[in-house]
Structure formats: structure tokens, C-alpha cells
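Over in Swiss-Prot, the protein carries these features:
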BINDING   H54, H58, C121  Fe cation binding site
Amino acid sequence: MEKVESFELDHRKVKAPYIRKCCLLDGKCGDKVTKFDIRFLQPNKEEFGTAAMHGLEHLLAHELRAKLEGIIDLSPMGCRTGFYLSIWGDREASEIKEALEYSLEKVLEAKEIPAANDIQCGNYRDLSLFGAKEYAKEALERGFSLNIYGE
């Protein structure tokens, strides 16, 4: 059985916030998909509140698409310390960092959360614009490293 990539990462050694290129997947038809670990919070020490994380997910899913072509999905991590970004092509973490910083600045300017209704969202009552902005502000202040060990 194939190993789960994220379970192979020693979460005790990483230093958040960071952006990590997890893997490059090669499809049977020559297509490529890159997966990134966008870690906002320190594993096993911090975690997002669900409403803030859910709000940030909606906002980033919307804003990142203005800067990055080929986004497949932005998915919250079950541990609530960050997000996974899947995108078409062989992409680099530096490109993701630039787009993420732009998008987080846009989050700070947001007046509402996109798709915050019962038609477009399966849990629209659990969203926090205030919380999303607080995490965006903190992440921008701390800065995202491209070195997961913070060196």
C-alpha cells in the first residue's frame, strides 16, 4: 500500500508558517499536478478555530484564483493548522508564496465572505470574517518561509 505523504513528515521538526511543495504527480496522459502544504500554524501547538478557518478557506479559494491559473482545490487540513493546495503543472513554492501574500492582503480588505449562503456552502453558519482576517494578519506579520525547518 502506498504511504500517505503527510504522515511521513516529522511534525515536531517543522517551523510554521511555511509553504512546502509536497509532491509532483505525473498523470498517465502526461499531465502534472503539484500539491503544496501551506502551513499557517505550528503543528501540535496551535490550531485554527473552525469558523475562522472555514472563512479563510472561502476567501483564499476566491482570491488565489485571481493570481494563480490552474487551481484544482484548496483544502483545509484535518489538523486545522493549514491548507493543501492542488494545482495543475509543475509549480514552485515561490510562486505560491507570492500569490498567497497577495491573497492574504485582499482578505484584510474583504467586506464579506464569498459563498456564505446555504446554496453554495454546506455549513454557511460556521464562518467568521473577523477570525479569517485575524489569522491573515498574523500570517503576514510572521511571514511564510520556503524552508520548513525555519533555518
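Every residue gets a Cβ built from N, Cα and C, even glycine.
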Under 8 Å by Cβ from H54 (Fe cation binding site), counting only residues of that chain that are 6 or more apart: P76, N123, D126, L127, S128
Cβ contacts of H58 (Fe cation binding site) (under 8 Å, same chain, 6 or more positions away): I113, P114, A115, A116, C121, L127, A132
Shell list (Fe cation; ref centroid = CB of H54, H58, C121; cutoff 8 A): G55, E57, I113, A115, A116, N123, Y124, D126, L127
